[in-house]
Amino acid sequence: MNAKQNNSLKNGKLPKICEENHTNGTEDYHQTDVSNHRNDKPMNQKKTISAEEDTRDKPLTINVEINSMAWLLFAIAFAFRFYRLSEPSSVVFDELHYGKFVSLYLRGVFFFDSQPPLGKQLIALSAYVSGYTGNHVFTNIGEKYESDVPLKALRFVPINDKPMNQKKTISAEEDTRDKPLTINVEINSMAWLLFAIAFGFRFYRLSEPSSVVFDELHYGKFVSLYLRGVFFFDSQPPLGKQLIALSAYVSGYNGNHVFTNIGEKYESDVPLKALRFVPMFFGSLIIPTVYHLIVEMGLTHRTATLAALLIIFDNALLTQSRFILMETILIFFSLFGILSFVISTKKPTFSIPWISWLITSSLFITFGFSVKYIGIFTLFLIQFIIFCDFWTKLANASIKTGGLASITKGQPLEIAHGSQITL
């Protein structure tokens with residue numbers, strides 16, 4: 001820098017070279033310098049990928065479109081046709097012929113029919129499943145059916161008078177324009193497979209050992225007190241024990257077992273599988289939750305599968321899942337709360353999916369806190385992620401209604417290039 005430039009700085013003016021670089025305004029400055037100073041990306045910044053790339057790395061994924069309106073109409077039609085199906089209890093019109101053919105099929109009698117057999121064979125199958133042997137003889141229209149004839153089974157197959165595969169040929173635009181109450185469901189078979197493997201490992205010989213193990217002494221005692229309606233003081237929130245108590249109540253357990261010592265044998269009337277089922281079930285749900293969380297964080301499905309397998313065969317989590325303990329319930333609620341929040345960051349702000357996933361995240365974090373007080377740290381983690389997200393957005397020049405550019409826009413030249421701005 002020469003002497004002339006030094007004199008300009010002393011007089012409170014910028015050198016000529018700085019004035020030339022600033023001719024495009026403060027916004028150009030932030031599009032270059034500020035964006036270079038902040039290399040972090042906000043959480044909702046996505047990589048644009050094609051539809052082919054989006055579906056290329058989803059092993060065993062099935063896309064299902066469920067039209068709720070069609071199922072509702074089917075349910076209404078089924079109810080109208082099934083109502084009092086066995087009335088009248090006499091032979092009506094062509095039931096004389098088709099009922100006779102069905103009886104002959106079931107008795108194994110050869111006969112000649114001028115029409116193809118499939119419809120009558122389907123009715124015969126329904127009657128066979130209900131236990132009908134074809135002993136009724138169809139002789140006249142109007143005759144009463146015998147009491148041992150499963151009339152509902154015979155009339156069940158023809159309830160639907162329209163073929164299910166009958167379709168109207170329409171264009172792709174019309175196909176997506178008028179679909180009321182349609183639900184698109186993506187079924188990830190890999191996640192279900194991992195859940196099944198985890199469930200099998202945790203459920204196998206669940207009632208062994210048949211004695212009180214570690215903190216089963218305390219939690220089992222609390223469950224029994226809940227079922228007997230006895231008031232007691234607990235230093236932790238009640239949700240986990242109440243879920244186990246619900247499972248035990250459904251199995252018929254009345255809380256009569258007294259938990260006194262670690263290692264004591266359970267009585268024969270204690271439904272041990274029901275008591276240990278809830279921690280086992282939530283411990284199994286951890287695996288698909290971890291799988292989806294890894295995918296939502298931007299890693300591949302293969303990496304997510306590897307992570308899920310490591311969780312399946314982790315001895316600590318496997319042991320925690322097989323006894324009357326709270327940890328697996330807490331871990332699932334916390335992980336699912338984090339997963340819901342991560343998904344919400346990828347949705348448009350203030351959209352219905354964004355609000356729905358945030359509400360789901362809040363609910364599951366609350367559930368985790370209601371199992372054990374240490375679940376509050378999951379909330380702290382999400383708050384820290386939110387803070388980091390907002391901090392990185394401050395220098396994001398692509399955000400036109402926020403960021404550092406909106407703060408310095410219209411400021412005098414000396415302030416915009418100085419150090420007088422405080423955030």
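Keep in mind that glycine also has a Cβ here, set from the backbone N, Cα and C atoms.
Annotated compositional bias 'Polar residues' per TrEMBL: 1-10, in sequence order. The annotation region 'Disordered' is assigned in TrEMBL to 1-54. According to TrEMBL, the compositional bias 'Basic and acidic residues' annotation covers 16-54. Among the features that TrEMBL reports, domain 'ArnT-like N-terminal' is placed at 72-158, 193-402. The transmembrane segment annotation in TrEMBL covers 187-204, 274-294, 323-343, 373-392.
Beyond the transmembrane segment (323-343), the same-chain residues lying 6 or more positions past its ends with a Cβ under 8 Å from any Cβ of the stretch are 43, 213-216, 219-220, 223, 236, 239-241, 243-244, 275-276, 278-280, 282-283, 285-286, 289-290, 292-293, 296-297, 317, 357-358, 360-365, 367-368, 371-372, 374-375, 378, 381-382, 385. Across the domain 'ArnT-like N-terminal' (72-158), the DSSP tally of helix, strand and coil residues reads 44 helix, 2 strand, 41 coil. When pLDDT is averaged over the domain 'ArnT-like N-terminal' (193-402), the result is 93.
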